[in-house]
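Features as listed in Swiss-Prot:
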- 8-125: domain 'Response regulatory' (DOMAIN)
- D59: 4-aspartylphosphate (MOD_RES)
- 165-352: domain 'CheB-type methylesterase' (DOMAIN)
- S177: active site (ACT_SITE)
- H203: active site (ACT_SITE)
- D299: active site (ACT_SITE)
Amino acid sequence: MTLETPVRVLIVDDSAVVRQMLTEILSRDAGIEVVGSAADPLLAREKIKRLNPDVITLDVEMPRMDGLVFLENLMRLRPTPVVMISSLTERGADTTLQALSLGAVDFVSKPKIDVARGLEGYAEEIVSKVKMAAKAKVSALNRPSAPKVTLDMQSAPVAGSALRFRTTDRLIAIGASAGGTEALRVVLEHMPADAPAVVMTQHLPASFSTAFAERLNRHSAMSVREATDGEAILPGHAYLPPGGQHLRIIRDGARWRCRIDDGPPVNRHKPAVDVLFRSVAANAGPNAVGAILTGMGDDGARGLLEMLQAGAPTLVQDEASSVVWGMPGAAYKLGAAQEVVPLDRVAERLLALSAQAR
């Protein structure tokens with residue numbers, strides 16, 4: 001039996017206390033070796049050259065050089081998986097989402113107070129995300145932009161008919177996790193304003209959901225918003241669960257409505273993709289289309305299978321374009337995905353499959 005080489009980690013944080021805590025947390029795992037730490041990006045730059053780490057943990061707010069500037073330079077000159085350590089504030093959410101757009105693989109939220117003691121509560125998450133990052137494909141984040149698609153595009157004909165349909169009868173459900181903030185942006189960026197309604201679940205801390213919805217809305221012709229309980233689901237609109245709550249759909253006569261669910265975590269997540277997908281399977285059946293994008297773990301796989309069994313067309317993002325092929329891979333292995341699609345074709349295929357949904 002061969003032992004796996006430990007993941008080599010460099011910790012970059014201006015707080016000596018945080019550097020010490022992260023070192024202790026990561027060093028407890030036999031699969032991780034902390035090869036060094038740095039108090040600012042300029043020191044980190046030299047240590048990266050010398051130590052060649054597999055993963056870097058990076059504080060967002062740093063002295064001497066802005067963390068985002070450092071990250072952008074790193075991804076351009078020496079692409080390395082990065083896990084951001086960010087604060088649970090509105091400003092922290094915006095900065096972290098920007099970091100993810102620049103190429104960071106994932107992030108861990110830093111407690112607002114008593115950081116040293118608070119980080120211990122995130123120990124399991126920190127370790128799992130660092131290990132996941134070591135396997136992530138950073139190059140998948142630097143992809144060419146897909147052409148914008150429209151409902152009457154003929155590049156992917158379905159049964160010889162144009163991609164036109166009554167959008168009030170169709171619903172698209174999407175789930176994502178690690179790498180998903182950018183993957184969802186790419187998909188929504190290439191959806192036309194008159195696309196079918198989209199309901200989405202992305203694993204995020206509660207305090208990040210508003211900033212994420214606003215960010216997606218700036219990049220899409222669709223109207224992207226946090227869902228409110230009981231609101232009608234309309235064509236041309238995309239809905240995310242509000243912070244730290246599940247999103248489900250319910251049937252109300254000839255339309256669907258959002259149901260905000262404050263129930264317990266599912267698959268250790270809240271919001272959970274499975275909660276959304278199972279409600280879509282039960283209430284929309286063959287009138288829906290399901291998709292799982294990049295993400296760690298297996299949340300959504302069983303729900304996507306239920307959607308397929310209910311008559312909905314399904315797809316997952318392919319491994320080559322995924323930052324982490326955990327959730328899509330789990331769904332594929334379960335037999336829940338009818339198609340495996342590169343990210344730059346997901347929007348096109350969702351529209352095509354919606355056109356043929358019964």
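A Cβ is built for glycine as well, from the same backbone N, Cα and C atoms used for every other residue.
Checked against S177 (active site), the recorded positions D59, H203, D299 differ in C-alpha distance, with H203 being the nearest. By neighbour count, meaning other C-beta atoms within 10 Å, the densest spot among the recorded positions D59, D299 is D299. S177 (active site) counts 28 other C-beta atoms within 10 Å of its own C-beta, drawing on all protein chains shown. Of the recorded residues, D299 (active site) and H203 (active site) place their C-alpha atoms 10 Å from one another.
A separation of roughly 20 Å, to the nearest angstrom, links the Cα atoms of H203 (active site) and D59 (4-aspartylphosphate).
Across all of the domain 'Response regulatory' (8-125), the predicted model scores a mean pLDDT of 90. Each residue of the domain 'Response regulatory' (8-125) gets a DSSP state, and the totals for helix, strand and coil are 56 helix, 28 strand, 34 coil.
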